[in-house]
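A.B. asks: I'd like to ask some things about the structure below.
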């Protein structure tokens, strides 16, 4: 008997595993371990299928694989409590829209208080975008090299510090420098979308990224309401200080944020990535995939040349123009809204400008209560813009959504050529802003999806930088060119958006229904297509 047992111990043992769909019903927990372990078997052996058709235990999210990727884990864990928390915290970073919306309120105020000529008023707006343009690529490179969380925390703390400090600026040159430094910090805030997108399952990604854009809309609305209360009593300095409150709240909560598991895998930190995924699974109450996490280490991350490989060259160039047009038109409309409301209607703005110029180049008008009310109405258009984009983006795709948004904005701009009253003017500006903000949001969905993890932050950063070039130029169109011809100004914005609509249609990749690519050394979408294209055994 002992001799038989000794012989049994020397035998190699084959490990059996049932394959097929994993049933997530209550009955799954009844099934036990169906394996006989015998040492000495090579790991290359294929698993042997059991033919009785019994369900695989619930703990095994990928019963047919011995390994899994971050994409598999994110899809298996799904959307839950962790993503809800992440949405709120990421949204607070996006409330930096207050720092942008304040430009249209601060400019006329300082124009009157400090007697600034129109070019200095335009420069005050442009210097913020100079800071954003010069830093966007840098923040993207930092996020690809040192982590999304690191880049995001530094940029938010930077923006918070100089945002508060700019409220104490004694003269024009000081506020010019400080607002430029604020813009330098804001250039890194879009990296919150990179971090956020990398934790989202495929089906929820577009909707969730669009929904955090609600925080941008909330920030703009809150800024107008804050200005109504603060400007008549405390003045613009307190408005600048109080506008930094959302970033202060984010700075306190951002230490809860984990680093992206996709970034950790690409940088070779397998244990850290696995710990992050287990944390998400625990918070969501979902099972972790069975097997070993695949690590595809890539040292040359965040390289500009990767944006111009044959797979991404045209995508990068077209996206740069699309982002340029988005910011050029969006911020142009924000600034035009103030100018048009002060004039009363489109047809009288040119004659009004000539009268003002004849009187004095420094003549100014403070924003009235009616101006703030109309500004609030056009700002509220961001919400229907989110809803429309949310409804169509998974139906017609990312490319067509961007193209449609540009076309509607262009059409509304052309309608402003007609002499319309203040009410019709408000409606047209409302529709135009709703769709151009929707196009901006669609670009924020598309861009992180189209680039691989190794260059995702850099790709988003360079696109954001090109957007700031558009935002840098737009004050000289919406404020300076407007003095010469309102029609030429509207024609510039309309024509730019028509070209952007064409660029959206010519994008070579549609990311709807696709997974996120991990390594830039692989074909686009290889992870999702490759893992689903072959049958086990």
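Just so you know, glycine gets a Cβ as well, placed from its N, Cα and C.
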A.B. asks: Pick from 23-46, 47-70, 119-142: which range does TrEMBL record as transmembrane segment?
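C.D. replies: It is 119-142 that TrEMBL annotates as transmembrane segment.
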A.B. asks: Need the matching range: TrEMBL marks transmembrane segment on one of 490-509, 510-529, and I'd like to know which.
C.D. replies: 490-509
A.B. asks: Limited to the domain 'Major facilitator superfamily (MFS) profile' (85-512), I'd like the whole-number average of pLDDT.
C.D. replies: 80
A.B. asks: Going through 86-107, 209-230, 424-446, 490-509 one by one, which has the most CB pairs that fall under 8 Å from the transmembrane segment (119-142)?
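C.D. replies: It is 86-107, which has the most Cβ pairs under 8 Å.
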A.B. asks: Examine the transmembrane segment (86-107) against the transmembrane segment (209-230) and state whether at least 3 Cβ pairs sit under 8 A, considering only residue pairs 6 or more apart.
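C.D. replies: The transmembrane segment (209-230) and the transmembrane segment (86-107): touching, yes.
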A.B. asks: Could you name the stretch, out of 154-175, 236-257, 311-331, 424-446, with the greatest number of CB pairs under 8 A to the transmembrane segment (458-478)?
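C.D. replies: Highest pair count goes to 311-331.
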A.B. asks: Using Cβ distances below 8 Å and needing 3 or more such pairs, separated by at least 6 in sequence, tell me whether the transmembrane segment (209-230) contacts the transmembrane segment (490-509).
C.D. replies: no
